[in-house]
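The structure appears below as structure tokens.
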Amino acid sequence: MNNLDFSLDAARRLDRDDPLAEWRAAFHIPPGPDGSDCLYFTGNSLGLQPRRVREMLQEELDDWARLGVQGHTEARRPWMPYHENFTELNARLVGAKPHEVVQMNSLTVNLHLMMVSFYRPTAERPAILIEKPAFPSDRHAAASQIRFHGFDPERDLIEIGPREGEANIRPDDLMALIEEEGHRIALVLLPGVQYYSGQVFDMAGIARAAQAKGAKVGFDLAHAAGNIPLQLHDWGVDFAAWCSYKYLNGGPGAIAGCFVHERHAEDESLPRFAGWWGHDKSSRFRMGPEFHPIAGAEGWQLSNPPILSMTPVLASLQIFDEVGMEALREKSLKLSDTLLAWLDERLAEEVEVITPRNEQERGCQLSLRLKQGDGRQVFEALEDNGVICDWRYPDVIRIAPVPLYNRFEDLYHFVGRLDKAIKG
Ligand SMILES: *Cc1c(COP(=O)(O)O)cnc(C)c1O
């Protein structure tokens, strides 16, 4: 019997052979309607709570109670340099040098701060290239930046979408557009993984092509960080930003991450919106009027960070560091390969997977579309039956089996419940 046969035995065998299986116990799995663990497939939207978060938060509360303001220097994780706890963890997570990464703000805020520095439109070169349909916040951010500089999004926001009748952007179409329009593009702002389709973009190739045309390149890694291996430094991207509450399990609204390539680390001629936390650490508390940015990504910080919101992210990034993206990616592909095989075996007539099948072009998420019938009703039937997945208008159910806490057995039950939801 082949490992990919659709059976509970095969699923359990895969779980038994899974070197990461024990990590599931490090997370709180929400109960389904019958009280047993739900089938949780929305780690791409809000990752589950690592058990160690509670204890680490309690430590911060205790230090605050015990030390008051002295916690800035005397807490067991002193608050003043708290963001430095993230430096090495983030550097390894996204393939960066330590001074290229910082934990700060939230994702859309960071996109704006990065655009202040790296979107420098001129009359000849005013445009931003994004994908279509982009996540609304990214589109709003880009369009409002264009307007802020006195240009017109109708003309200067260039959007590339899939061809008529297709679900994914063809990489060749993207390259051709950069080649043709590159001379008037100031900034290429694309996702690492597209939130709707799950398509992974060739970030290295895009960065090379766009920079050869004189454009800056930034990536929104909301759906990529903690999902696929990244090498931001080597790929040469100018900046990147990501939230920490999706694959990274940092908790609702968690503090985000940001990358600035080292070629910009000491460029004080870049415009930036500054704050005291980005100022040189040795003179910060002399409270002088001059601004001298810390070299590197830390120099873009504004405020002293909210420790109680940083702690869950720290707890979670420690787990990513202990496991490593390589092992996570290996299991992630095994999970999605298995789900694809079982969907093909059981539901090929009913369900279309719109996510690219090529392993280089997908992460954890598979986006499913019903070939006929009412997808929304099927989604609701799944929900009633203990499956947490999500529905994205107009017609997609997104499923993200994640390697830290999903089991192969979850996939087996999912395919069975989907079958039942469709066929009744
Ligand atoms: C989740 C997500 C966001 C959310 O932005 P916040 O500022 O964290 O609210 C933005 N863009 C993309 C592509 C996302 O996937």
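Here the Cβ of each residue, glycine as well, is placed from N, Cα and C on the backbone.
Around Asp220 (pyridoxal 5'-phosphate binding site), a 10 Å sphere centred on its CB holds 30 further CB atoms from the protein chains shown. Summarising the annotation, TrEMBL assigns pyridoxal 5'-phosphate binding site to Leu107, Thr108, Phe135, Pro136, Ser137, Asp138, Asp220, His223, Tyr245, Trp276, Asn304.
The annotation N6-(pyridoxal phosphate)lysine is assigned in TrEMBL to Lys246. For Lys246 (N6-(pyridoxal phosphate)lysine), applying a Cβ distance below 8 Å and a minimum sequence separation of six or more within one chain yields Gly43, Asn44, Ser45, Leu46, Gly47, Ala222, His223, Ala225, Gly226, Asn227.
A Cβ distance below 6 Å to any atom of ligand 1 is met, among the binding-site residues Leu107, Phe135, Tyr245, Asn304, by Leu107, Phe135.
Reduced to three states, the DSSP call for Ser137 (pyridoxal 5'-phosphate binding site) is helix. Sequence-distant neighbours of Phe135 (pyridoxal 5'-phosphate binding site) (same chain, 6+ apart, CB under 8 A from its CB) are Pro191, Tyr195, Asp220, Ala222. Ser137 (pyridoxal 5'-phosphate binding site) has a Cβ environment of 15 other Cβ atoms inside 10 Å. If you draw a 10 Å sphere around the CB of Tyr245 (pyridoxal 5'-phosphate binding site), it holds 22 other CB atoms from the protein chains shown. DSSP assigns Leu107 (pyridoxal 5'-phosphate binding site) to a helical segment in the three-state reduction.
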